[in-house]
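Q: Pulled from Swiss-Prot, these are the listed features:
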- V52, G53, T54, G55, T56, F57, G58, R59, V60, K75: ATP binding site (BINDING)
- 337-355: compositional bias 'Basic and acidic residues' (COMPBIAS)
- M1: N-acetylmethionine (MOD_RES)
- 1-42: region 'Disordered' (REGION)
- 316-355: region 'Disordered' (REGION)
Amino acid sequence: MEPPAGAAATVKDPDHDPVKTKVSAPAADPKPRTSSQKAGHSLQDWDTIATVGTGTFGRVNLVKEKTGRQYCALKIMSIPDVIRLKQEQHVQNEKAVLKEINHPFLIKLLWTGHDNRFLYMLMEFVPGGELFTYLRNRGRFSSVASVFYATEIVCAIEYLHSKEIVYRDLKPENILLDREGHIKLTDFGFAKKLVDRTWTLCGTPEYLAPEVIQSKGHGRAVDWWALGILIFEMLSGFPPFFDDNPFGIYQKILACKIDFPRQLDFTSKDLIKKLLVVDRTRRLGNMKNGAEDIKRHRWFRGVEWESVPQRKLKPPIVPKLSGDGDISNFETYPESELDKTPSVSDKDLETFKNF
């Protein structure tokens, strides 16, 4: 089986010297409105150091406390773009979910606010960079490394599900490594509190579960499907279903014909097959015993699950860092053009009055 074109694309080497680029922050409202104001958390208290991530309607900046030594990540979202792309509910969902969760493997939200152009979310800075970068630089992970990351992810997803939250965007790009090498799930824009099944088509094509594609309504089971895709990708270096266009990917997902690379052993393949079951009622993790069925699978043999959330397992990769504000494990980005973002009317701003 050949990986998709570009699967081993060159990405930034995490071992080079940290970038010291100084970028300008957007010219914000001098008195941004905040809905979760805490002492020491306002835009005026932070200096922007560099951009460490970009998205469809904003970016994430590394910021440093002016009067102290704390570094944080500031997510800045353009309100006009959020409105244009009809992402208001996703943004509100992200804030609501982040306010509710507290887990060692999930990113922490510290503060939110807005002015008449931007929404702001101040979060802990996780300096190790994306798991995606390490996976692409190495080609694929060993079985030992894959078990470690899957173990911490299972605990994180199980916790979210216990809170009636479905994550819906599990992929290597959304898994950060902290300074010790433990994971932090980030980007909760697609996360949703479950009251009943949901029908929204969202997520990354290669990781979408069949029931999402078929608009049958979906719940927790989509996260366990994505875990199966992730385990396959960690062990092989590429996802099991790929094509030049999303519709081709969707067709392959629905057919669910998995071509396993030769290096995958029987136990790995058995777990992946049980996670990548089109019928969600038979999918591992979504049956009567829930996540316990996954934990008991022999691929995880030897894992002391009670020690996992205590961060007692030894990480296979420890990020190289020169200091607290080291951004060498992240891509470099061009200087921000956020100052060109127009302001919005009071009517449009009403949607975000409690943000």
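For all residues, glycine too, the Cβ spot is worked out from N, Cα and C.
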Q: When you tally the Cβ atoms that lie within 10 Å of each candidate's Cβ, which of the binding-site residues (V52, T56) has the highest tally?
A: V52
Q: List the same-chain residues at least 6 positions away in sequence whose Cβ sits under 8 Å from the Cβ of G58 (ATP binding site), in sequence order, or say none.
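A: Looking at Cβ-Cβ distances below 8 Å from G58 (ATP binding site), excluding near sequence neighbours, one finds K75, I76, M77, S78, D81, F118, L119.
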Q: Validating a neighbour-count step here. Other CB atoms within 10 A of the CB of V60 (ATP binding site): how many?
A: 22
Q: Give me the largest Cα to Cα distance among V52, G53, T54, G55, T56, F57, G58, R59, V60, K75, the residues the record lists as binding ATP, in Å as a whole number.
A: 15
Q: Just counting, how many other CB atoms are there within 10 A of the CB of T54 (ATP binding site)?
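A: For T54 (ATP binding site), the 10 Å Cβ neighbour count is 13.
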Q: Write out how many residues of the region 'Disordered' (316-355) are helix, how many strand and how many coil, based on DSSP.
A: 10 helix, 0 strand, 30 coil
